[in-house]
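Here is the structure we will look at.
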Amino acid sequence: MARDSPVAHVEIKCHSLHEDPEFQPADQRPLTAPARLRPSTSFTAGFDLFQPFKKWVSWLVPMFVAANCVVFFISMYVNDCPKNSASCVGRFLGRFSFQPLKENPLLGPSSSTLEKMGALEVDKVVYGHQPWRLISCMWLHAGVFHILANMLSLVFIGIHLEQEFGFVRIGVIYVVSGFGGSLLSSLFIQSGISVGASGALFGLLGGMLSELLTNWTIYANKLAALLTLLFIIIINLAVGVLPHVDNYAHIGGFISGFLLGFVFLVRPQFEWVSQRDAPRRYNSISVSKYKPYQYVLWIVSLVLLIAWFAVGLVFLFRGENLNDHCSWCHYLSCIPTSKWNCNSQRFTCESSRLGNQLNMTCLSNGRSGSYSIASSSPELQQICSQLCN
(Lines of atoms letter the chains of each structure in order from A and count residues from 1; the text may use other names and numbers.)
(Lines give C-alpha, C1' and ligand atoms only; values in the text may rest on other atoms or scores of the structure.)
Protein backbone atom coordinates (compact mmCIF):
# COMPACT_ATOMS: atom_id res chain seq x y z
CA MET A 1 0.00 0.00 0.00
CA ALA A 2 2.01 2.92 -1.28
CA ARG A 3 1.69 6.34 0.16
CA ASP A 4 2.17 9.76 -1.45
CA SER A 5 5.83 10.73 -1.31
CA PRO A 6 6.55 14.04 -3.02
CA VAL A 7 10.22 14.97 -2.72
CA ALA A 8 11.05 18.51 -1.67
CA HIS A 9 14.47 19.57 -3.00
CA VAL A 10 15.72 22.31 -0.69
CA GLU A 11 18.46 24.78 -1.46
CA ILE A 12 19.83 26.69 1.53
CA LYS A 13 21.22 30.18 0.94
CA CYS A 14 23.19 31.73 3.75
CA HIS A 15 23.32 35.52 3.87
CA SER A 16 25.10 37.88 6.17
CA LEU A 17 24.49 37.91 9.90
CA HIS A 18 22.30 41.00 9.54
CA GLU A 19 19.83 39.24 7.26
CA ASP A 20 17.33 36.47 7.91
CA PRO A 21 18.27 33.07 6.46
CA GLU A 22 16.26 32.24 3.38
CA PHE A 23 14.87 28.75 2.56
CA GLN A 24 13.61 28.22 -0.96
CA PRO A 25 12.91 25.17 -3.12
CA ALA A 26 15.37 24.40 -5.87
CA ASP A 27 12.91 25.64 -8.49
CA GLN A 28 12.88 29.07 -6.75
CA ARG A 29 9.13 29.01 -6.09
CA PRO A 30 8.04 29.94 -2.54
CA LEU A 31 7.53 26.99 -0.24
CA THR A 32 4.22 26.93 1.64
CA ALA A 33 5.04 24.47 4.38
CA PRO A 34 1.62 23.00 5.21
CA ALA A 35 0.92 22.23 1.55
CA ARG A 36 4.32 20.84 0.59
CA LEU A 37 5.36 18.81 3.62
CA ARG A 38 3.64 15.44 3.58
CA PRO A 39 3.86 12.79 6.32
CA SER A 40 5.51 10.35 3.94
CA THR A 41 8.21 12.89 2.99
CA SER A 42 11.69 12.76 4.46
CA PHE A 43 14.17 15.51 3.79
CA THR A 44 17.19 17.05 5.45
CA ALA A 45 17.70 20.75 6.01
CA GLY A 46 21.08 21.06 7.68
CA PHE A 47 20.92 18.28 10.28
CA ASP A 48 17.14 18.23 10.92
CA LEU A 49 15.32 15.08 9.75
CA PHE A 50 11.58 15.24 9.17
CA GLN A 51 9.96 11.95 10.32
CA PRO A 52 6.26 12.49 11.00
CA PHE A 53 5.32 8.90 11.91
CA LYS A 54 7.53 6.99 14.30
CA LYS A 55 8.80 3.59 13.19
CA TRP A 56 8.74 0.98 15.94
CA VAL A 57 10.97 -2.04 16.44
CA SER A 58 8.81 -5.17 16.44
CA TRP A 59 9.36 -7.35 19.50
CA LEU A 60 5.87 -8.21 20.79
CA VAL A 61 4.76 -10.21 17.74
CA PRO A 62 7.92 -12.40 17.85
CA MET A 63 7.20 -12.90 21.57
CA PHE A 64 3.65 -14.01 20.69
CA VAL A 65 5.07 -16.49 18.18
CA ALA A 66 7.53 -17.84 20.75
CA ALA A 67 4.79 -18.12 23.41
CA ASN A 68 2.53 -20.10 21.06
CA CYS A 69 5.37 -22.48 20.18
CA VAL A 70 6.30 -23.01 23.84
CA VAL A 71 2.67 -23.77 24.74
CA PHE A 72 2.48 -26.26 21.87
CA PHE A 73 5.60 -28.10 23.11
CA ILE A 74 4.13 -28.18 26.61
CA SER A 75 0.91 -29.62 25.18
CA MET A 76 2.84 -32.38 23.45
CA TYR A 77 4.79 -33.11 26.64
CA VAL A 78 1.57 -33.37 28.66
CA ASN A 79 -0.05 -35.49 25.93
CA ASP A 80 2.55 -38.31 26.17
CA CYS A 81 1.05 -40.35 23.32
CA PRO A 82 3.03 -43.61 23.95
CA LYS A 83 1.59 -43.81 27.45
CA ASN A 84 -2.04 -43.29 26.47
CA SER A 85 -2.43 -44.61 22.91
CA ALA A 86 -1.84 -47.96 21.25
CA SER A 87 -0.29 -46.37 18.16
CA CYS A 88 1.43 -43.01 17.67
CA VAL A 89 2.91 -41.08 14.74
CA GLY A 90 6.64 -40.43 15.06
CA ARG A 91 7.09 -42.78 17.98
CA PHE A 92 10.86 -42.13 17.94
CA LEU A 93 10.01 -38.68 19.42
CA GLY A 94 9.06 -40.37 22.68
CA ARG A 95 6.45 -38.51 24.70
CA PHE A 96 6.47 -35.78 22.01
CA SER A 97 5.09 -38.18 19.38
CA PHE A 98 1.74 -37.36 17.76
CA GLN A 99 -1.69 -38.92 18.06
CA PRO A 100 -2.80 -41.33 15.29
CA LEU A 101 -3.76 -39.53 12.07
CA LYS A 102 -7.33 -40.84 12.26
CA GLU A 103 -7.70 -39.06 15.58
CA ASN A 104 -5.74 -35.91 14.77
CA PRO A 105 -4.69 -35.43 11.13
CA LEU A 106 -2.93 -32.15 12.01
CA LEU A 107 -0.10 -33.95 13.87
CA GLY A 108 -0.80 -32.89 17.42
CA PRO A 109 -2.11 -33.90 20.84
CA SER A 110 -5.43 -35.51 21.73
CA SER A 111 -8.59 -33.52 22.32
CA SER A 112 -8.53 -34.53 25.99
CA THR A 113 -5.05 -33.01 26.38
CA LEU A 114 -6.18 -29.77 24.74
CA GLU A 115 -9.15 -29.71 27.10
CA LYS A 116 -6.82 -30.04 30.09
CA MET A 117 -4.61 -27.25 28.76
CA GLY A 118 -7.49 -24.77 28.46
CA ALA A 119 -9.34 -25.35 25.17
CA LEU A 120 -12.65 -23.55 24.72
CA GLU A 121 -15.52 -25.75 25.89
CA VAL A 122 -18.80 -23.97 26.50
CA ASP A 123 -20.04 -26.24 29.31
CA LYS A 124 -16.88 -25.59 31.33
CA VAL A 125 -17.07 -21.85 30.68
CA VAL A 126 -20.74 -21.48 31.62
CA TYR A 127 -21.37 -24.21 34.18
CA GLY A 128 -17.82 -24.93 35.33
CA HIS A 129 -17.10 -21.25 36.03
CA GLN A 130 -13.99 -21.21 33.83
CA PRO A 131 -14.31 -18.00 31.75
CA TRP A 132 -10.52 -17.88 31.39
CA ARG A 133 -10.90 -20.47 28.62
CA LEU A 134 -12.13 -17.65 26.34
CA ILE A 135 -8.53 -16.34 26.43
CA SER A 136 -6.45 -19.49 27.01
CA CYS A 137 -7.80 -21.28 23.92
CA MET A 138 -6.17 -18.73 21.60
CA TRP A 139 -2.69 -19.86 22.71
CA LEU A 140 -3.36 -23.55 21.97
CA HIS A 141 -3.09 -25.32 18.60
CA ALA A 142 -4.38 -28.65 17.39
CA GLY A 143 -1.22 -29.71 15.58
CA VAL A 144 1.97 -28.88 13.70
CA PHE A 145 0.16 -27.84 10.52
CA HIS A 146 -2.25 -25.68 12.52
CA ILE A 147 0.43 -23.76 14.43
CA LEU A 148 2.68 -23.43 11.37
CA ALA A 149 -0.07 -21.80 9.29
CA ASN A 150 -1.11 -19.44 12.09
CA MET A 151 2.39 -18.37 13.10
CA LEU A 152 3.46 -17.65 9.51
CA SER A 153 0.37 -15.48 9.10
CA LEU A 154 1.09 -13.72 12.40
CA VAL A 155 4.66 -12.94 11.33
CA PHE A 156 3.67 -11.54 7.93
CA ILE A 157 0.74 -9.45 9.20
CA GLY A 158 1.69 -8.63 12.77
CA ILE A 159 5.29 -7.45 12.36
CA HIS A 160 4.32 -4.87 9.74
CA LEU A 161 1.49 -3.52 11.88
CA GLU A 162 3.65 -3.37 15.01
CA GLN A 163 6.34 -1.43 13.13
CA GLU A 164 3.71 1.07 12.01
CA PHE A 165 1.64 1.47 15.19
CA GLY A 166 3.66 0.10 18.10
CA PHE A 167 3.37 -2.87 20.43
CA VAL A 168 0.63 -1.50 22.73
CA ARG A 169 -2.00 -0.96 20.05
CA ILE A 170 -1.28 -4.17 18.14
CA GLY A 171 -1.08 -6.19 21.36
CA VAL A 172 -4.49 -4.91 22.48
CA ILE A 173 -6.06 -5.62 19.07
CA TYR A 174 -4.58 -9.14 18.98
CA VAL A 175 -5.74 -10.18 22.46
CA VAL A 176 -9.16 -8.48 22.39
CA SER A 177 -9.90 -9.85 18.90
CA GLY A 178 -8.99 -13.34 20.08
CA PHE A 179 -11.46 -12.90 22.94
CA GLY A 180 -14.13 -11.68 20.50
CA GLY A 181 -13.58 -14.72 18.28
CA SER A 182 -13.91 -17.08 21.25
CA LEU A 183 -17.07 -15.31 22.39
CA LEU A 184 -18.87 -15.63 19.05
CA SER A 185 -17.70 -19.22 18.67
CA SER A 186 -19.07 -20.19 22.08
CA LEU A 187 -22.47 -18.67 21.22
CA PHE A 188 -22.88 -20.95 18.19
CA ILE A 189 -20.78 -24.07 18.85
CA GLN A 190 -22.11 -25.64 22.02
CA SER A 191 -20.42 -29.05 21.71
CA GLY A 192 -16.81 -30.04 21.23
CA ILE A 193 -13.72 -27.94 21.86
CA SER A 194 -12.08 -25.10 19.96
CA VAL A 195 -8.45 -23.92 19.92
CA GLY A 196 -6.26 -21.63 17.85
CA ALA A 197 -5.12 -18.06 17.26
CA SER A 198 -7.23 -17.62 14.12
CA GLY A 199 -9.66 -15.20 15.77
CA ALA A 200 -6.78 -12.93 16.82
CA LEU A 201 -5.24 -13.11 13.34
CA PHE A 202 -8.53 -12.18 11.70
CA GLY A 203 -8.68 -9.30 14.16
CA LEU A 204 -5.42 -7.98 12.70
CA LEU A 205 -6.89 -8.31 9.19
CA GLY A 206 -9.99 -6.42 10.32
CA GLY A 207 -7.77 -3.74 11.86
CA MET A 208 -5.89 -3.38 8.57
CA LEU A 209 -9.18 -2.81 6.73
CA SER A 210 -10.48 -0.18 9.16
CA GLU A 211 -7.05 1.51 9.19
CA LEU A 212 -7.21 1.83 5.42
CA LEU A 213 -10.71 3.30 5.57
CA THR A 214 -10.16 5.78 8.40
CA ASN A 215 -6.81 6.95 6.97
CA TRP A 216 -8.11 6.95 3.42
CA THR A 217 -6.58 10.29 2.41
CA ILE A 218 -2.94 9.34 3.06
CA TYR A 219 -2.88 6.38 0.67
CA ALA A 220 -1.95 6.36 -2.99
CA ASN A 221 -3.61 3.67 -5.13
CA LYS A 222 -6.48 3.54 -2.63
CA LEU A 223 -8.78 1.33 -4.69
CA ALA A 224 -6.06 -1.22 -5.48
CA ALA A 225 -5.10 -1.45 -1.80
CA LEU A 226 -8.75 -1.87 -0.76
CA LEU A 227 -9.50 -4.55 -3.37
CA THR A 228 -6.34 -6.49 -2.51
CA LEU A 229 -7.13 -6.51 1.19
CA LEU A 230 -10.78 -7.46 0.61
CA PHE A 231 -9.66 -10.34 -1.64
CA ILE A 232 -7.35 -11.70 1.10
CA ILE A 233 -10.11 -11.42 3.72
CA ILE A 234 -12.76 -13.09 1.53
CA ILE A 235 -10.45 -15.99 0.62
CA ASN A 236 -9.63 -16.63 4.28
CA LEU A 237 -13.26 -16.48 5.34
CA ALA A 238 -14.20 -18.81 2.47
CA VAL A 239 -11.77 -21.44 3.80
CA GLY A 240 -13.75 -21.30 7.04
CA VAL A 241 -16.82 -22.93 5.48
CA LEU A 242 -14.93 -26.24 5.32
CA PRO A 243 -15.75 -28.78 8.04
CA HIS A 244 -13.74 -28.83 11.29
CA VAL A 245 -12.83 -25.13 10.86
CA ASP A 246 -14.30 -22.72 13.38
CA ASN A 247 -15.38 -19.86 11.11
CA TYR A 248 -17.35 -18.23 13.94
CA ALA A 249 -14.04 -17.49 15.64
CA HIS A 250 -12.78 -15.97 12.39
CA ILE A 251 -15.87 -13.75 12.03
CA GLY A 252 -15.92 -12.72 15.69
CA GLY A 253 -12.23 -11.85 15.64
CA PHE A 254 -12.57 -9.95 12.37
CA ILE A 255 -15.50 -7.84 13.62
CA SER A 256 -13.68 -7.05 16.87
CA GLY A 257 -10.47 -6.08 15.09
CA PHE A 258 -12.37 -4.03 12.52
CA LEU A 259 -13.99 -1.93 15.26
CA LEU A 260 -10.75 -1.66 17.24
CA GLY A 261 -8.91 -0.41 14.15
CA PHE A 262 -11.06 2.72 14.05
CA VAL A 263 -10.14 3.34 17.70
CA PHE A 264 -6.41 2.54 17.79
CA LEU A 265 -5.08 2.85 14.23
CA VAL A 266 -6.23 6.35 13.30
CA ARG A 267 -3.61 8.70 11.79
CA PRO A 268 -3.58 12.52 12.11
CA GLN A 269 -4.33 14.43 8.92
CA PHE A 270 -1.53 15.75 6.69
CA GLU A 271 -2.12 19.42 7.40
CA TRP A 272 -1.73 18.96 11.17
CA VAL A 273 1.52 16.96 10.80
CA SER A 274 2.90 19.48 8.32
CA GLN A 275 2.01 22.39 10.60
CA ARG A 276 3.60 20.66 13.59
CA ASP A 277 6.93 20.18 11.84
CA ALA A 278 7.02 23.35 9.76
CA PRO A 279 8.97 26.48 10.84
CA ARG A 280 7.02 28.86 13.05
CA ARG A 281 6.66 31.47 10.32
CA TYR A 282 4.22 29.11 8.55
CA ASN A 283 2.07 28.24 11.60
CA SER A 284 -0.52 30.95 11.04
CA ILE A 285 -3.56 28.66 10.65
CA SER A 286 -4.70 26.22 13.31
CA VAL A 287 -5.61 22.78 11.94
CA SER A 288 -7.46 20.02 13.77
CA LYS A 289 -5.43 16.86 14.38
CA TYR A 290 -8.13 14.53 13.05
CA LYS A 291 -10.87 14.90 10.50
CA PRO A 292 -14.50 15.02 11.73
CA TYR A 293 -15.37 11.62 10.24
CA GLN A 294 -12.45 10.05 12.15
CA TYR A 295 -13.91 11.30 15.44
CA VAL A 296 -17.34 9.93 14.47
CA LEU A 297 -15.92 6.50 13.53
CA TRP A 298 -13.92 6.41 16.78
CA ILE A 299 -17.00 7.01 18.96
CA VAL A 300 -19.38 4.74 17.00
CA SER A 301 -16.86 1.86 16.88
CA LEU A 302 -16.12 2.06 20.61
CA VAL A 303 -19.83 2.05 21.49
CA LEU A 304 -20.54 -0.90 19.17
CA LEU A 305 -17.59 -2.88 20.53
CA ILE A 306 -18.66 -2.42 24.15
CA ALA A 307 -22.27 -3.26 23.29
CA TRP A 308 -21.22 -6.41 21.37
CA PHE A 309 -19.10 -7.74 24.24
CA ALA A 310 -21.74 -6.92 26.87
CA VAL A 311 -24.62 -8.55 24.97
CA GLY A 312 -22.48 -11.53 23.95
CA LEU A 313 -21.36 -12.25 27.52
CA VAL A 314 -24.93 -11.95 28.84
CA PHE A 315 -26.16 -14.43 26.21
CA LEU A 316 -23.24 -16.79 26.90
CA PHE A 317 -23.74 -17.02 30.66
CA ARG A 318 -27.48 -17.38 30.22
CA GLY A 319 -26.73 -20.53 28.21
CA GLU A 320 -28.19 -19.17 24.96
CA ASN A 321 -27.51 -21.01 21.69
CA LEU A 322 -27.79 -18.50 18.86
CA ASN A 323 -28.51 -21.29 16.39
CA ASP A 324 -31.97 -21.41 17.97
CA HIS A 325 -32.56 -17.81 16.92
CA CYS A 326 -30.90 -17.94 13.50
CA SER A 327 -31.85 -20.84 11.22
CA TRP A 328 -29.25 -20.08 8.54
CA CYS A 329 -26.25 -18.99 10.63
CA HIS A 330 -24.75 -22.50 10.69
CA TYR A 331 -23.88 -22.02 7.01
CA LEU A 332 -21.41 -19.32 8.04
CA SER A 333 -19.16 -21.99 9.53
CA CYS A 334 -19.76 -25.01 7.33
CA ILE A 335 -21.58 -25.60 4.03
CA PRO A 336 -22.47 -29.30 3.53
CA THR A 337 -21.68 -30.88 0.16
CA SER A 338 -21.59 -34.38 -1.29
CA LYS A 339 -17.92 -34.55 -0.25
CA TRP A 340 -18.35 -33.83 3.48
CA ASN A 341 -20.84 -33.64 6.31
CA CYS A 342 -21.01 -30.69 8.68
CA ASN A 343 -22.58 -32.54 11.61
CA SER A 344 -20.15 -32.84 14.49
CA GLN A 345 -20.64 -36.14 16.25
CA ARG A 346 -19.99 -37.12 19.84
CA PHE A 347 -18.92 -40.73 19.78
CA THR A 348 -20.38 -43.24 22.19
CA CYS A 349 -18.68 -46.49 23.11
CA GLU A 350 -19.33 -49.52 25.28
CA SER A 351 -16.40 -50.76 27.34
CA SER A 352 -15.50 -53.54 29.74
CA ARG A 353 -12.30 -53.86 31.70
CA LEU A 354 -10.47 -56.79 33.24
CA GLY A 355 -7.30 -55.83 35.05
CA ASN A 356 -5.20 -53.84 32.60
CA GLN A 357 -7.15 -55.15 29.58
CA LEU A 358 -9.78 -52.81 28.12
CA ASN A 359 -12.35 -54.01 25.57
CA MET A 360 -14.23 -51.23 23.81
CA THR A 361 -16.90 -51.16 21.07
CA CYS A 362 -18.00 -48.10 19.10
CA LEU A 363 -21.83 -47.99 19.03
CA SER A 364 -22.00 -45.99 15.79
CA ASN A 365 -20.02 -48.35 13.53
CA GLY A 366 -19.70 -51.54 15.61
CA ARG A 367 -15.90 -51.59 15.55
CA SER A 368 -14.23 -52.99 18.65
CA GLY A 369 -10.75 -53.36 20.00
CA SER A 370 -8.72 -54.53 22.99
CA TYR A 371 -6.15 -52.35 24.68
CA SER A 372 -3.58 -52.74 27.42
CA ILE A 373 -3.78 -49.65 29.57
CA ALA A 374 -2.28 -48.38 32.79
CA SER A 375 -4.44 -48.37 35.87
CA SER A 376 -4.14 -44.60 36.30
CA SER A 377 -6.63 -42.39 34.44
CA PRO A 378 -7.04 -44.13 31.05
CA GLU A 379 -7.94 -41.93 28.10
CA LEU A 380 -11.27 -43.65 27.37
CA GLN A 381 -12.73 -40.87 25.23
CA GLN A 382 -9.57 -40.74 23.18
CA ILE A 383 -9.70 -44.49 22.47
CA CYS A 384 -13.41 -44.27 21.67
CA SER A 385 -12.81 -41.44 19.21
CA GLN A 386 -10.07 -43.48 17.55
CA LEU A 387 -12.39 -46.47 17.16
CA CYS A 388 -15.32 -44.49 15.75
CA ASN A 389 -13.33 -42.43 13.22
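Placed from the backbone N, Cα and C atoms, the Cβ positions cover glycine too.
Taken from TrEMBL, the feature transmembrane segment covers 56-77 (among others).
Helix, strand and coil content of the domain 'Peptidase S54 rhomboid' (129-265), in residues and according to DSSP, is 107 helix, 2 strand, 28 coil. As annotated by TrEMBL, domain 'Peptidase S54 rhomboid' applies to 129-265.
For 138-159 (among others), the entry in TrEMBL reads transmembrane segment.
Annotation comment: TrEMBL describes 171-189 (among others) as transmembrane segment.
The transmembrane segment annotation in TrEMBL covers 195-216 (among others). Taking Cβ pairs closer than 8 Å, the transmembrane segment (195-216) reaches residues 1, 68, 114, 119-120, 137-142, 146, 150, 153-154, 157-158, 161, 170, 173-182, 185, 222, 225-226, 229-230, 232-233, 236, 246, 249-262, 264-267, 293-294, 297, 301 in its own chain, all 6 or more past its ends.
Annotation comment: TrEMBL describes 223-242 (among others) as transmembrane segment. With a threshold of 8 Å between CB atoms, the same-chain residues lying at least 6 positions outside the transmembrane segment (223-242) that come near it are 1, 202, 205-206, 208-209, 212, 250-251, 254, 331-335, 340.
Counting same-chain residues at least six beyond the ends of the transmembrane segment (248-266), those with a Cβ under 8 angstroms from any Cβ of the stretch are 165, 169, 172-173, 176-185, 187-189, 194, 196, 198-211, 213-215, 233, 236-237, 240, 290, 294, 297-298, 300-302, 304-305, 308, 332-333. Annotation source TrEMBL lists transmembrane segment at 248-266 (among others).
Residues annotated as transmembrane segment in TrEMBL: 295-317 (among others).
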Given a Cβ distance threshold of under 8 angstroms, which distant residues of the chain, six or more beyond its ends, lie next to the transmembrane segment (56-77)?
95-96, 98, 108-109, 113-114, 117, 139-141, 147, 150-151, 154-155, 158-159, 162-167, 170-171, 174, 197
By a Cβ-Cβ criterion of under 8 Å, what residues six or more beyond either terminus of the transmembrane segment (295-317) are in contact with it?
122, 125-126, 179-180, 183-184, 186-187, 210, 213-214, 255-256, 259-263, 266
